[in-house]
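Working notes, beginning with the structure itself.
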Amino acid sequence: MSIEAGYAMPHAGKFQLSASNSSVWTTAAFTFLAFGCAAYLSIEFTQQAGRIAAFWPANGVLFAILWRRCGGLCPHVLLAAFAGNLIADMAQGDAIRTAVALSATNIVEVSIAFALASYGRLILSPEASTRDMIGYFLLCCIAASGVSAILAASYLHYEYGKAFLATFGKWWGADALGMMIVGPIFLFTSRSHFQAKLKSADRLLLLGAWVFLAASLVATFSQVHFPLLFLVYPALALIAFWGGFSFVAFAIAVVAAVSMAATYVGYGPLALMDESIAEKVYVLQLFLVMSVITMLPLGALVSDEKRAKQQVIDEKKRADRLRLIAENANAAKSEFLTSMSHELRTPLNAISGFAQLIEMRGNPANPKQEEYIRSILLASDHLGRMINDILDLAKIENGDLQIVLEKVEVKKTLDEMEAMARALAISRGCTLIVEPCELDLSVWADPSRVSQILFNLVSNAVKYGGAGATIRLSCEFREAVVRFAVSDNGPGVPPDRIEGLFKPFDRCGAEFGVVEGAGVGLAISRRLVDNMDGRLEYEVPAEGGALFWFELPACEAPDLSNDGQEISAPTSEALDPLSATNILYIEDNKVNAQIVPDALGPLDNINVVVANDGETGIETALRIKPSLIFLDIHLPDINGYEVLKRLRSIRALDGVPVYALTADAMKGARERAEAAGFDRFVTKPFLIRDLQNMVTAVLQKPTAVTKT
């Protein structure tokens with residue numbers, strides 16, 4: 001395995017080495033010149049203090065080229081750096097053997113630094129985190145430089161008798177300082193960072209900080225009388241605060257270049273020291289090291305803070321975009337459900353309505369026909385319940401389901417449920433036992449939702465219990481709650497399916513069986529119970545089967561005899577039935593328009609007139625003066641709300657109730673209808689007996705009462 005293959009950097013594109021790739025040789029040539037010049041100048045700066053330079057930026061330059069440009073330990077670039085270092089050493093008077101040894105030591109240092117950074121998975125780029133920067137300083141600057149310092153000090157000690165510790169310390173300090181100052185400029189900064197900062201609101205403050213730094217450097221290093229080195233630190237701190245890591249790293253490099261150049265020609269605070277150049281170099285190294293270890297972390301913290309703020313802004317924008325997408329998707333879903341609800345309910349109403357009419361007027365001599373009709377009614381009822389369940393689930397998920405709490409009598413609810421569910425149980429060959437409620441119990445709940453929950457549980461017990469199953473429905477008072485329980489002696493729920501029992505569309509493995517259903521009944525029931533401050537759970541009875549129970553808050557039965565208001569007995573005039581028996585049905589669907597007249601035909605003295613659009617309906621209402629108006633909301637010319645508004649403006653029709661008869665069962669439909677002034681909201685499909693009872697109740701209402 002080659003060096004490059006072994007240490008290829010995981011965070012940048014791998015540099016391809018081939019003779020046809022001219023950029024390889026361009027990079028190698030640049031490295032040769034840059035490394036050689038940096039090495040020569042570094043040695044020249046401290047030639048009076050001995051062989052080892054006080055500041056060695058060459059290794060930092062080479063590391064940055066390999067990491068940012070090559071993406072791996074490119075042999076061509078390493079060889080070019082070695083050649084440049086070798087020539088620089090020999091130009092300074094080193095023997096060939098010494099030049100080779102020390103040049104090789106520098107290549108080893110950079111290779112070790114690269115390997116440590118790669119295996120440490122450091123991200124050495126402008127997007128680097130504080131962890132990555134700390135890793136660079138510890139692994140690449142300190143650890144790798146320490147290894148090369150040991151090698152160089154050992155060679156110079158055995159070859160020339162140099163003091164090992166002194167040589168080690170000077171080499172280590174020079175190389176580590178070079179990596180610390182030069183590396184960050186090329187690794188952690190980018191042109192875009194500089195350009196963005198120069199366009200920001202802080203650019204004038206940053207410019208002022210640079211002017212302050214320039215003035216401090218001039219005042220400190222252009223004279224030999226005053227030790228003003230302390231002026232540099234405030235300027236660096238301001239640059240770190242206003243410019244962040246990129247600018248302060250560049251500023252430290254400027255300070256290093258100016259301070260070394262001034263010291264080399266005998267200017268600056270170090271000229272006041274009556275010491276050798278070696279001691280002055282140590283002091284200069286200490287000054288630069290302190291600048292690095294204090295200002296670079298400050299700049300990194302500032303950059304991290306600004307990056308974090310920008311991330312918060314970006315995340316907020318992203319959250320806003322996602323929220324907008326979710327809202328649009330939710331609106332589209334609601335629109336789709338509204339449309340599908342209307343489109344499904346309209347033909348379903350026709351199927352159910354005509355089937356009911358045929359059942360009412362069917363031929364008893366044809367039992368097969370009666371069986372077909374009952375199957376149609378059962379299927380349409382099942383489809384209607386599935387549509388309602390899916391719409392309820394959508395409303396619950398959107399937080400749009402409205403719960404109206406009131407006092408609900410438990411005994412009455414159980415009696416109604418027994419009447420509703422007994423036929424279903426018999427049709428499946430099951431036995432339904434409703435245990436009598438001996439106590440006068442009541443709960444705070446939505447009565448329609450309590451019935452819906454009970455029917456879901458009973459119908460599930462019938463469907464999943466199987467033929468011959470016994471279903472028990474009971475209730476009991478427990479402290480402040482009333483517990484309703486539905487149990488069966490069927491096969492129960494498989495243990496591995498209990499966890500998903502209340503998840504929507506989870507049918508406990510019966511998806512491909514004979515049991516029909518969408519698998520949303522239990523999910524809806526639990527959420528309905530939760531919305532009524534109760535809880536719904538499942539248990540496995542000791543004798544087998546399945547047991548579902550839910551609890552609702554119990555209440556004391558209030559005295560509702562007069563509700564705090566006086567109720568005067570109506571006069572005989574007020575109790576007279578409406579003089580007219582015309583009923584107007586405004587409906588554009590001709591199939592559904594046939595159902596209401598036929599459904600109300602058995603009632604005495606009822607004449608149903610049908611109008612197929614809004615304008616015709618208004619004209620017909622003026623002509624026949626109906627006692628009741630059924631109005632579809634979705635009409636081809638003008639919608640039902642506009643028709644209602646115009647009907648209410650006609651004085652001759654004052655007091656005539658108008659019922660909305662529509663397939664729209666989505667969120668807000670009932671509320672919009674009531675707010676518009678409809679006296680009642682009826683959704684399709686409907687039961688003919690319910691429609692007949694509705695009309696009978698209207699014809700018996702007092703005529704002197706006006707809706708306010």
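Yeah, the Cβs are placed from backbone N, Cα and C, and that goes for glycine too.
Over in TrEMBL, the protein carries these features:
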DOMAIN    339-556  domain 'Histidine kinase'
DOMAIN    582-699  domain 'Response regulatory'
MOD_RES   Asp632  4-aspartylphosphate
TRANSMEM  24-43  transmembrane segment
TRANSMEM  73-93  transmembrane segment
TRANSMEM  99-124  transmembrane segment
TRANSMEM  136-158  transmembrane segment
TRANSMEM  170-189  transmembrane segment
TRANSMEM  247-267  transmembrane segment
TRANSMEM  282-302  transmembrane segment
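Long-range Cβ contacts of the transmembrane segment (24-43) within its own chain (Cβ-Cβ under 8 Å, at least 6 residues beyond either end) map to 15, 17-18, 51, 53-58, 61-62, 65, 69-70, 74, 76-77, 79-81, 83-85, 87-89, 91-92, 174, 178.
For Asp632 (4-aspartylphosphate), the same-chain residues 6+ apart in sequence whose C-beta sits under 8 angstroms from its C-beta are Ile586, Glu587, Asp588, Asn589, Gly640, Ala660, Leu661, Thr662.
For the domain 'Response regulatory' (582-699), the model gives a mean pLDDT of 84.
Between the transmembrane segment (170-189) and the transmembrane segment (282-302), the number of CB pairs under 8 angstroms, six or more residues apart, is three or more, so the stretches are in contact. When Cβ-Cβ distances under 8 Å to the transmembrane segment (247-267) are tallied for each of 99-124, 136-158, 282-302, the top count falls to 282-302. The DSSP breakdown of the domain 'Response regulatory' (582-699) into helical (H, G, I), extended (E, B) and coil residues amounts to 53 helix, 23 strand, 42 coil.
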